[in-house]
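Student: Dumping what TrEMBL says about this protein:
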- ASP130, LEU131, THR132, ARG158, GLN174, ASP178, ARG327, TYR331, TYR332: L-histidine binding site (BINDING)
- 61-408: domain 'Aminoacyl-transfer RNA synthetases class-II family profile' (DOMAIN)
- 1-22: region 'Disordered' (REGION)
- 347-366: region 'Disordered' (REGION)
Amino acid sequence: MEEQAKLVRSLKEDAAYGPQHDKTKEAISTLLELKKALPSTSSGSGSSSKAAKYQLKVPKGTKDWSDKDMILREQIFSTITRVFKAHGGVTLDTPVFELREILAGKYGEDSKLIYDLKDQGGELCSLRYDLTVPFARWLAMNPQVQSIKRFHIAKVYRRDQPAMTKGRMREFYQCDFDVAGTFESMVPDAEVLRITKEVLEALEIQNFTIKLNHRKILDGIFEVCGVPDDKTRTISSAVDKLDKLPWSDVRKEMIDEKGLNPAAADKIGEYVVLSGDHTLLQQLQQDARLTSSKKASEGLAEMETLFRYLKVMNVLPRIKFDLSLARGLDYYTGIIYEAVTAASAPKAMPSNKPVDKDADRSEDDSVGVGSIAAGGRYDHLVGMFTGKKQGVPCVGISIGVERVFSLLRARATAMRSNEVEVLVMAIGKTGLLEERMACCAELWEAGVKAEFVYKRKPQLRQQFEYADKSGIPVGVILGEEELAEGTVKVKLLGTGESNEGETVKRTEMASAIRKMLAEAAT
């Protein structure tokens with residue numbers, strides 16, 4: 001059939017007429033008959049034509065991780081885990097998908113971003129949206145656990161608008177630390193904020209700020225501004241967009257889409273523009289209109305206690321009290337917070353330009369990385385599963401790994417894709433393959449990270465080039481004479497040909513390598 005297709009193409013290119021045109025028609029007819037003779041294809045079996053058109057790619061909002069990116073991500077995980085364990089955290093894992101009813105009604109307007117799975121065997125399931133709701137479900141199923149410091153590092157899934165280079169993805173890792181249990185007011189909250197500060201400083205995130213607010217203060221603002229109870233959560237979701245949109249756009253959404261009275265929206269605007277350090281608290285405590293709300297007064301009192309603890313824990317310099325912070329998720333009941341950097345969001349500008357919600361806006365400068373960590377207090381979430389009014393009080397923080405990665409990757413210096421310390425090489429025509437294998441085995445048993453080239457007779461130049469490309473710092477060079485004498489040559493690579501290395505006894509090879517690596521690191 002391939003030959004017949006070539007003939008048809010050739011005849012068409014000749015653009016012939018008359019008898020030649022008849023030949024073309026005859027050739028096309030033969031080709032069609034050959035195609036009919038092919039076995040029919042069903043969905044799943046594929047065909048050569050379909051295979052030719054098939055484009056290999058990953059789903060939108062996902063990516064493959066390899067080489068140097070994986071090294072950096074593992075370093076991020078290691079750093080975060082070290083801080084979590086230093087504060088007494090114990091690890092916990094939950095299924096990647098949950099019953100749909102477990103996740104339903106927990107995320108407000110963001111519920112539309114949940115990935116639903118097709119029915120398999122009668123259970124309606126969805127991919128987890130975060131790690132918080134599964135943790136609350138676990139607490140509800142294990143009532144004997146009345147207090148725990150738990151951390152969990154795992155993937156979550158959201159049908160969000162992807163911007164890959166900014167760490168905004170549909171499949172991504174979260175690193176969560178939560179404190180569950182009844183304790184002295186605001187004490188666990190202060191430690192969680194201290195943990196957030198320690199993690200971001202350990203990751204060398206520069207110029208970050210932790211924005212802080214309180215759900216009770218926000219609800220009190222809505223109350224004194226005349227927001228009906230049934231609109232509180234939708235108005236809160238609108239306020240939460242102030243880090244991305246100017247107030248004029250948010251006000252328009254409140255009035256046109258949420259149906260809020262313009263006068264109420266204007267009163268809200270007087271409050272949500274306020275931000276500053278802990279001294280803003282004193283200003284709010286003197287606001288007669290705001291303090292007329294019981295909710296707001298309770299929130300202000302708790303914030304006063306929290307600021308005192310944050311000062312003791314040396315977290316206060318990183319804190320910004322921001323009344324525009326709303327956190328759209330429905331389950332928050334107390335303090336809420338987000339860690340942001342200069343790259344978190346561009347300057348908000350009004351725009352009438354239509355946006356394709358499914359487009360990958362990786363290179364769009366109007367898209368920031370968003371918050372790099374976020375969390376808050378959620379005292380009633382466990383009770384939503386148990387049916388009890390009083391559940392297990394919880395407070396926690398979630399670190400967005402991909403967003404942190406996008407910041408660190410942008411300024412990363414030269415990075416190796418592996419951790420090999422030694423390349424075992426050979427000089428001479430024989431290649432000494434088995435001797436190189438034996439030498440590597442000795443180094444592995446001694447705990448040294450070693451490698452050799454998978455060739456029987458590699459040229460010495462090729463071996464040095466491989467070491468240089470891989471960034472391997474030390475070479476162990478084997479030769480016939482050295483092997484006969486029970487010695488090897490250990491050489492610090494990347495220092496020029498004038499450095500011939502050091503001849504050491506085979507039995508002292510591992511210790512000589514460690515000494516050389518230690519000296520090179522100083």
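In case you wondered, yes, glycine gets a Cβ from its N, Cα and C as well.
Automatic prediction, not curation, is the source of TrEMBL annotations.
Not measured: the values here are computed from a predicted model.
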Student: Which whole number of Å gives the largest C-alpha distance between any two of ASP130, LEU131, THR132, ARG158, GLN174, ASP178, ARG327, TYR331, TYR332, the residues noted as binding L-histidine?
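Tutor: This binding site's residues have a maximal Cα-Cα distance of 21 Å.
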Student: Which three-state DSSP class does ASP130 (L-histidine binding site) fall into?
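Tutor: It is coil.
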Student: Cβ distance under 8 Å to ASP130 (L-histidine binding site), same chain, sequence separation 6 or more: which residues?
Tutor: VAL156, GLN174, ASP176, SER398
Student: Among the binding-site residues THR132, GLN174, whose Cβ has the fewest other Cβ atoms within 10 Å?
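Tutor: Counting other Cβ atoms within 10 Å of each of the binding-site residues THR132, GLN174 gives the minimum at GLN174.
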